[in-house]
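Inspection log for the structure reproduced underneath, given as structure tokens.
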Amino acid sequence: MGNTSSMLTQYDIEEVQQHCNNAFSQQEIVSLYERFCQLDRNGGGFVSGEEFLSVPEFAVNPLSQRLLTMLDGLNFKEFVAFLSAFSPRATVQQKIEFIVKVYDSDGNGKVTFNDMLDVLHDLTGQFISEHQREQVLTKVLEEAGYTKESLLVMSDFVKLRHREI
Amino acid sequence: MSSGKGGELIPSSSELDLDRPNIEDYLPSGSSIHEPLGKLRLCDLLDISPTLTEAAGAIVDDSFTQCFKSNPPEPWNWNVYLFPLWCCGVVIRYLILFPVRVIVLTVGWIIFLSCFIPVHLLLKGHDKLQKNMERALVELICSFFVASWTGVINYHGPRPSMRPKQVFVANHTSMIDFIILEQMSSFAVIMQKHPGWVGLLQSTILESVGCIWFNRTEAKDRETVTKKLREHSQGVDNNPLLIFPEGTCVNNQYSVMFKKGAFELGCTICPIAIKYNKIFVDAFWNSRKQSFTMHLLQLMTSWAVVCDVWYLEPQNLRPDETPIEFAERVRDIISVRAGLKKVPWDGYLKYSRPSPKHREQKQQSFAESVLRRLEEN
């Protein structure tokens, strides 16, 4: 899809729409393309980590580094697919899948104690000690019926989402 | 971006309002993670959807990048009748107007240099006379510059009077802002030192109107610059200072936060608002995309540079105000007059990352709420 001055063809738009399972309307995809080109300053066809971090609102987000590993080097089609979890048309299932992907560092669909600890670290920074973090997480896990060795999967996160645990 | 009770993702209408920046929705800092009360549960620790939604929102649109987007005039030449007209326009602009303008500018420079150099060298002893002549000559060359873009500038408001302890501030769109204002009355300016021919001009000619240099990249520079600013503003015979408190060029549709340096000098602040008419040319100098030379060439091959300059009522620091509040108040006055939307960002974020303390604030408030609710068990 090239550089800033090239336009998206109707065919391109439909391809992207299909790839993201119709999460966005065609108009939204055109707007996202403008945004993608705006972020992709050197015109390389993908937005680098540096270019994402030049958006101050993104750079101050505690999960920005984690998201960057997922975002780095995506082309436009993949960029739209990445954002599809945030579309108003996204299903709850899709949103939860995305959350699990953020947690699951080795991509095997299972979230370990260490994965959860890492994300908690991102969210709390230096304001809770490593030891305290482990303590809190273990305690809350056990109260919810899990153990330190438990591997959480999609269905657990669905329960989480509905605040059952 | 809004999150409801229990951290659910509720997309508000502004979430994917991709054509409009959601400035009104933006609330700086504070806890982004909603705090329900009661015992700490697993879902409170693990549900990261509010943070993720914020991140996605920033990726899709953010109020900072909008400030530096060039907005060229809408293309109107898209049909069979208008296109030949546009082509005639291009021919006229590039082959007739441009050479005429180059000639005008060259003549201007010749006149200027042939007066300036003798004055500078020969009148060394007669300080007052030399200064006045040099100032008049700089005003002259600025007029030539403005003529070379066919500048149509409407000045509104009383012409600034030259008094000591007076500092002028204006919104910043391009380096030509300085030329446009200098044409009317002589200002001293504070500028980033540039390389190339601009730097040469800065060190020779601009010295005569009084200039202060700074370097954005040097942190220690700030103290020396503040000192120089203070000294200059106290001096009786110096040109009044013209400061662009945004610190960087913004696209004339938004204004970024004003730096407080100019507002701490204990002087009266005279705000100036500058608004360019985009129909003729987009005067925003996008320094990331163009060099200044290219920018000038673009201006010289356009039809005209049309802008409004308003000299606004002088303001003083109120007894109950901090310099930062004063700066924001003046920014408000200028933004309202020039029709700019205010944005709560520091312009220097163009060149550097935000300080970690913003992220740390979020982390701290989340950490504290976790610990607090833990103790509530």
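Note that Cβ sites are derived from N, Cα and C of the backbone, with glycine treated the same way.
The following features are taken from TrEMBL:
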type     : residues  : note
DOMAIN   : B:166-277 : domain 'Phospholipid/glycerol acyltransferase'
REGION   : B:352-371 : region 'Disordered'
TRANSMEM : B:78-96   : transmembrane segment
TRANSMEM : B:102-123 : transmembrane segment
TRANSMEM : B:135-155 : transmembrane segment
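Counting only same-chain residues 6+ beyond the ends of the transmembrane segment (B:102-123), those with a CB under 8 A from a CB of the stretch are 129-130, 133-134, 137, 140-141, 143-145, 147-148, 205, 208, 300. Helix, strand and coil residue tallies for the domain 'Phospholipid/glycerol acyltransferase' (B:166-277), in that order: 42 helix, 30 strand, 40 coil [DSSP]. Under DSSP, the residues of the region 'Disordered' (B:352-371) split into helix, strand and coil as follows: 16 helix, 0 strand, 4 coil. Per-residue pLDDT, averaged across the domain 'Phospholipid/glycerol acyltransferase' (B:166-277), gives 85.
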